[in-house]
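Among the features that TrEMBL reports, active site, schiff-base intermediate with substrate is placed at K196, K260. Taken from TrEMBL, the feature Mg(2+) binding site applies to E245.
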Amino acid sequence: MFPLHRGRRLRVNESIRSLVRETSLSPADFMFPMFIMEGENTKVEIPSMPGILRRTLDLTVEEVKELFALGIRAVNIYVKVSDDLKDNTGKEAWNDNGLMQRAIRAIKAACPEMIVMPDVALDPYSIYGHDGIIEKGDVANDATNDTLVKMAVSHAKAGADFVAPSDMMDGRVLRLRQGLDAAGFHNVGIMSYSAKYASAFYGPFRDALDSAPKDADVDTEPVEVPKDKKTYQMDYANRIEAVKEALWDVEEGADMVMVKPGIAYLDIVREVKNAVDVPVTVFHVSGEYAMIKAASERGWLDHDKIMMEQLMCIKRAGASLISTYFAKEAAILLNKK
Ligand code: PBG
């Protein structure tokens with residue numbers, strides 16, 4: 001009690017603050033999400049994500065080596081699929097020679113110690129931009145799971161260290177674990193997007209991959225689909241449900257669980273962290289990145305300070321790992337210190 005205690009004694013200067021700091025950040029806390037496209041020696045900036053590029057495979061590999069040198073040890077990879085390869089089955093997703101599979105092989109060949117986590121979900125491969133197969137106007141859960149298993153095994157064959165199901169189908173973690181084990185991939189892990197909310201913060205990501213939900217013509221017949229993902233991604237009004245989803249995924253064999261998005265969902269991060277005994281990861285998503293970039297371009301926020309504050313707060317909330325488009329910039333800053 002005051003005056004015996006004065007909280008400010010522990011804040012007098014940076015040295016004492018550094019001694020009592022409860023949370024720390026290092027480049028190994030980050031995973032970098034990367035967008036990959038066909039072609040050679042080409043990169044395109046995503047308009048709603050200044051500084052974030054969609055790269056061809058050759059340039060992706062160069063970037064991965066740079067990230068590794070900065071201390072980043074994991075990448076989440078996403079591919080932009082050409083329209084003529086999209087359909088309602090998503091079959092390009094398990095083409096052993098597809099862009100994703102080639103990307104995994106190329107990255108692992110160039111930088112074997114980089115942990116590669118390909119995204120498992122059908123949206124980049126779907127004519128409807130949905131994460132699974134459309135039947136009767138909605139995503140069919142169990143039929144989609146069958147395809148996700150083929151997709152994950154094909155990623156494992158290409159050399160993926162982890163697969164990262166972001167689709168939110170029920171029971172897919174169990175199916176993936178069984179499928180990977182049956183194919184002999186006991187050491188390929190599952191990082192499950194367990195509490196993934198139906199969020200407007202994913203807008204820029206869908207621009208990057210041209211993967212927003214949309215109607216399509218099938219055999220010249222127009223087919224209408226929901227323009228959001230609310231029948232599988234979670235309602236952002238819910239908290240207890242996130243714990244349920246995370247516990248189910250751990251029971252089904254998830255090695256790590258994820259909460260997504262980040263900053264507006266840190267109560268969920270802590271709740272899940274307290275409930276599970278596996279590492280909790282957080283996706284600091286595209287819209288969160290875009291907000292900081294836009295406000296700092298206008299001079300309204302201090303870019304580097306806001307970036308570090310948000311990353312530290314995500315870690316403090318309970319994240320073991322943060323998937324963030326700021327990974328490279330933040331690693332460079334941390335390495336300077
Ligand atoms: C697709 C997927 C999405 C993100 C990661 N995987 C978009 C979506 O669910 O529509 C979003 C990532 C981001 O916004 O940065 N399954």
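A Cβ is built for glycine as well, from the same backbone N, Cα and C atoms used for every other residue.
Here the active-site residues are K196, K260, and the one ringed by the most other CB atoms within 10 angstroms is K196. Each residue contributes its Cα atom, and for the residue listed as 'Mg(2+) binding site' and K196 (active site, schiff-base intermediate with substrate) those atoms are 9 Å apart. For the residue listed as 'Mg(2+) binding site', the Cβ neighbour count at a 10 Å cut-off comes to 22, with all displayed protein chains included. Taking CA atoms as the reference points, K196 (active site, schiff-base intermediate with substrate) and K260 (active site, schiff-base intermediate with substrate) are 5 Å apart. In the three-state DSSP classification, K260 (active site, schiff-base intermediate with substrate) falls within a strand.
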